[in-house]
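So that you can see what the record holds, here are the features copied from Swiss-Prot:
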SIGNAL    1-40  signal peptide
BINDING   Leu82, Arg83, Ser166, Asp194, Phe272, Val273, Arg274, Ser275, Lys279, His302, Ser303, Trp304  substrate binding site
REGION    98-108  region 'Fibronectin-binding'
DISULFID  Cys127-Cys132  disulfide bond
ACT_SITE  Ser166  active site, nucleophile
ACT_SITE  Glu270  active site
ACT_SITE  His302  active site
Amino acid sequence: MTDLSKKVRAWGRRLLVGTAAAVTLPGLIGLAGGAPTAGAFSRPGLPVEYLQVPSAGMGRNIKVQFQSGGNNSPAVYLLDGLRAQDDYNGWDINTPAFEWYYQSGLSIIMPVGGQSSFYSDWYSPACGKAGCTTYKWETFLTSELPQYLQSNKSVKPTGSAAVGISMAGSSALILAAYHPQQFIYAGSLSALMDPSQGMGPSLIGLAMGDAGGYKASDMWGPSSDPAWQRNDPTIQIPKLVGNNTRLWVYCGNGTPSELGGANMPAEFLENFVRSSNLKFQDAYNAAGGHNAVFHFDQNGTHSWEYWGAQLNAMKPDLQGTLGATPGGGG
């Protein structure tokens, strides 16, 4: 085979993969709000509160689901996927997370809303199918919300964790990169770890258009804008290593197991994001990182069954890293 033939075949494969992704990803990245699991919602009777937290940055109150871990307890912020709803956080809809972390000594914080937001401060109003609103989620999560929780719920404003799925997995890492005193722990589950690279901006734009009719350019500008690299976890590895942030990074390979998630969209998307996670691990190790747990299982699809299992598995690590005192909060 000639060099030219090899190049043609290589470009053909790339075009095929890119076309498949472009056709399939709208609604797939949003599968991070996918099918509910059998264990959806925690049992009634837990001390879960529904807070209305004022946000000057967003010009409205933001609903936050909250379960106390006791006075001066560290916080775990559980961040939702691209199709975040306005009634409940996806972690509550799809898992019994409040049950799992009851009396863990960790305060569980679930912000509600933020569809397609990447939990970022957007350049422009977030205009979609439901109209326009202001997205200043990074400001809310790193300033307004921790101040409110400290003043009203006796939650530590520092030494916290951010754990996110899909869209919010990269967000959790970025929050920790730029706010290291608040977030000493970041968990990323099935995220695209290099959103600024290659077709990332285009595919994210397609997915956001499908999940609410939003535009990626309203968020971070054109793909050439520095905001894309600023919000790229792989590019920000030096900050994470320098901060000595504790990381928990998970990604399956698109093969379902007995946990479930056996459907084409969930299988395709998990396989699609896996390579960016492997590259992230390589870059992290090359940068001298030594404070991370990587789980790249030989099964797992882009669905809540696997993310819930990871949240359960990381509980002792969260408690140890954040210095929780089990038994608090009820």
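Quick reminder: no glycine exception, Cβ is built from N, Cα and C everywhere.
Sequence features annotated in Swiss-Prot and their locations in the structure.
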residue: Cys127; record: disulfide bond; contacts (Cβ under 8 Å, 6+ apart): Gly213, Tyr214, Lys215, Asp218
residue: Cys132; record: disulfide bond; contacts (Cβ under 8 Å, 6+ apart): Pro125, Ala126
residue: Glu270; record: active site; contacts (Cβ under 8 Å, 6+ apart): Ser190, Cys251, Gly252, Asn253, Gly254, Gly300, Thr301, His302
residue: Arg274; record: substrate binding site; contacts (Cβ under 8 Å, 6+ apart): Cys251, Gly252, Asn253, Gly254, Phe296
residue: Lys279; record: substrate binding site; contacts (Cβ under 8 Å, 6+ apart): Met193, Asp194, Thr234
Counting only residues 6+ away from its ends, which parts of the chain sit with a Cβ under 8 Å from the region 'Fibronectin-binding' (98-108)? 42-43, 46, 48, 65-70, 73-76, 78, 92, 149, 153, 155, 311-312, 315, 318-319, 322, 324-330
Binding residues Leu82, Arg83, Ser166, Asp194, Phe272, Val273, Arg274, Ser275, Lys279, His302, Ser303, Trp304 (substrate) - maximum C-alpha distance in whole Å: 26
For the region 'Fibronectin-binding' (98-108), the averaged pLDDT of the predicted model is 98
Per DSSP, to which secondary structure element type does Cys132 (disulfide bond) belong, with helix, strand and coil as the options? strand
Neighbour count (Cβ, 10 Å) for Ser303 (substrate binding site): 29
What count of other C-beta atoms do you get within 10 angstroms of the C-beta of Ser166 (substrate binding site), across all chains shown? 31
DSSP secondary structure for Phe272 (substrate binding site), reduced to helix/strand/coil, please. helix
Per DSSP (three-state), Ser166 (substrate binding site) is coil
Other C-beta atoms within 10 angstroms of the C-beta of Leu82 (substrate binding site) total 28
Using CB atoms and a 10 A radius, I'd like the single residue among the recorded positions Phe272, His302 with the highest neighbour count. His302
